[in-house]
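These come from Swiss-Prot:
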| type | residues | note |
| --- | --- | --- |
| BINDING | Gly11, Ala12, Gly13, Lys14, Gly15, Thr16, Arg128, Gly173 | ATP binding site |
| BINDING | Thr32, Arg37, Asp58, Leu59, Val60, Gly86, Phe87, Pro88, Arg89, Gln93, Arg134, Arg145 | AMP binding site |
| REGION | 31-60 | region 'NMP' |
| REGION | 127-137 | region 'LID' |
Amino acid sequence: MKRLIFMGPPGAGKGTQADIIKEKYNIPQISTGDILRAAVKNGTAMGIEAKKYMDAGDLVPDAVVIGIIRDRLVEADCANGFILDGFPRTVEQAKALSEILKELHMELDSVVNLDVPDEELVKRLLGRAIKEGRSDDNEETIKNRLHTYNTKTLPLIDFYKATGILRQINGLGSMEEITNTILKSI
């Protein structure tokens, strides 16, 4: 059983690595964006609430996101573990997640943080933007995303370091090397 969080800045390879690890352990990869869209599509109470904000182009408030995460964690496929990808993004969300897990009699096993230098992230994201034809992902936008990550999400590293479950992973190297490092650490 593996209950994991994958963290790291945009372009670090969280989604790619989470995809590989979820197959190995046969556990769901839970992406905040995906479950928000699914909750809206399924017309759940939290989904209806989230839709109001999404339709207005606003950020969905923590209370709604946390409610949707809680609803997702009680589903049967999470009984043997899960990977949270893109959540939590703030210390407040991490504290709320701890409360949810306590309430559900669950504990996190590891928080995997993929560490990649900003210059490499910019290079990767610009390459991905060109490959996927995303003209809105220019260098300035990317640097803004990294700045937001560094100010809002980076404090989570200290939060999880204090719990003893943080696994710092060098995000440079081949996909296989990074996967093997993650597997050894969790």
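Cβ from N, Cα, C; glycine included.
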Rounded mean pLDDT for the residues that make up the region 'LID' (127-137): 78
Residues of the parent chain within Cβ reach of the region 'NMP' (31-60), under 8 Å, 6 or more residues beyond its termini: 15, 67-69, 71-72, 85-87, 89
Rounded Cα-Cα span from Arg128 (ATP binding site) to Val60 (AMP binding site), Å: 26
Thr32 (AMP binding site) and Arg128 (ATP binding site), Cα-Cα, nearest whole angstrom: 21
Binding-site residues listed as Thr16, Thr32, least Cβ neighbours within 10 Å: Thr16
Least Cβ-crowded entry, counting other Cβ within 10 Å, from the binding-site residues listed as Lys14, Arg89, Arg128: Arg128
Densest Cβ neighbourhood among Ala12, Val60 (binding-site residues), 10 Å radius: Ala12
Inter-residue Cα distance where the pair is Phe87 (AMP binding site) and Gly15 (ATP binding site), in Å: 12
CB contacts for Asp58 (AMP binding site) [other CB atoms within 10 A, all chains]: 9
Cα distance (Å, whole number) from Arg89 (AMP binding site) to Gly11 (ATP binding site): 15
Cβ neighbour count within 10 Å of Gly11 (ATP binding site): 24
Diameter of the ATP binding set by C-alpha atoms, the set being Gly11, Ala12, Gly13, Lys14, Gly15, Thr16, Arg128, Gly173, in angstrom: 17
Euclidean distance between Cα atoms of Lys14 (ATP binding site) and Phe87 (AMP binding site), Å: 12
